[in-house]
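If you check TrEMBL, you get these features:
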type	residues	note
ACT_SITE	213	active site, proton donor
BINDING	51, 91, 143	substrate binding site
DOMAIN	19-220	domain 'Thiaminase-2/PQQC'
Ligand SMILES: Cc1ncc(CN)c(N)n1
C-alpha cells in the first residue's frame, strides 16, 4: 500500500484523532527517563515486575485473537499472529532472565490497580463477542505503544544506560517495528471488512487501550511518587 493510501486507513485516522493521547502514551516521563539516562533503577524494576504479569495475561488474549482469525484468511494472517505469540514466549523468557539479573522475585509481586484494570480489560477482549477486527486492532495498538515508546530510546542522541539497552531493543528494534506494521495491515484489512457497529466497537477499544497504556506507565513511575 502506498504511503498516501496508508494514511487513509481507519487505524491511521484514529491515530490522528487521538494524537494527544497517543503522544502521552508513547512519550511518557518513564520512557523519557530511560532515554535521558536519569531513570531510577527502582522504577525500572517496578515496571518490570508489573509488566511480566501483564504479558502473561497478554498471551491469553493473543491466543484468543489467533482463534478468531477467519478460516478463509490467507495463511500469512494466521502466521503473523502465531509469530506474535512466539514473540511473547520469548518476552516471558527474557523477563525471567532479566529478573534474575536485577534480583527481582517475580512470583512475589502484588498486582497494582492499573495493571489489574488492564488485565481485566484484556479478559473482556478475549470474549467471543469481541469481533476479530476489534481484537486484532487492539493487539496491534498494544504492541505499537511499546514499539514507539522504546524506539525513542535508541535514537542517536539518546543516553539510554547500557544495562537497559537489551530492554529497549526488545521493543524498539527495526524488527519489532516491522512486526507492528504487519499487525497494522491485518487490523486495517479486518476493519475494512467489518460492519459499522464492529468498527465503532474497535474505535472505542482503541481509545481505551491508549488510556490503559498511559496509566500503566504512570504506575511504573509510582516508586518515586
Ligand atoms: C503494558 C504493555 N503493553 C505492551 C507490551 C508489549 N508486549 C507490554 N509488554 N506491556
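For all residues, glycine too, the Cβ spot is worked out from N, Cα and C.
Feature map: TrEMBL annotations on the structure.
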residue : record                    : Cβ contacts under 8 Å, 6 or more apart
51      : substrate binding site    : 95, 216, 220
91      : substrate binding site    : 55, 170
143     : substrate binding site    : 84, 171, 176, 179, 180, 183
213     : active site, proton donor : 25, 142, 145
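Cβ proximity to the substrate site centre (mean Cβ of 51, 91, 143, cutoff 8 Å) flags the following additional same-chain residues: 54, 55, 58, 88, 142, 146, 170, 171. In the predicted structure, the domain 'Thiaminase-2/PQQC' (19-220) carries a mean pLDDT of 97.
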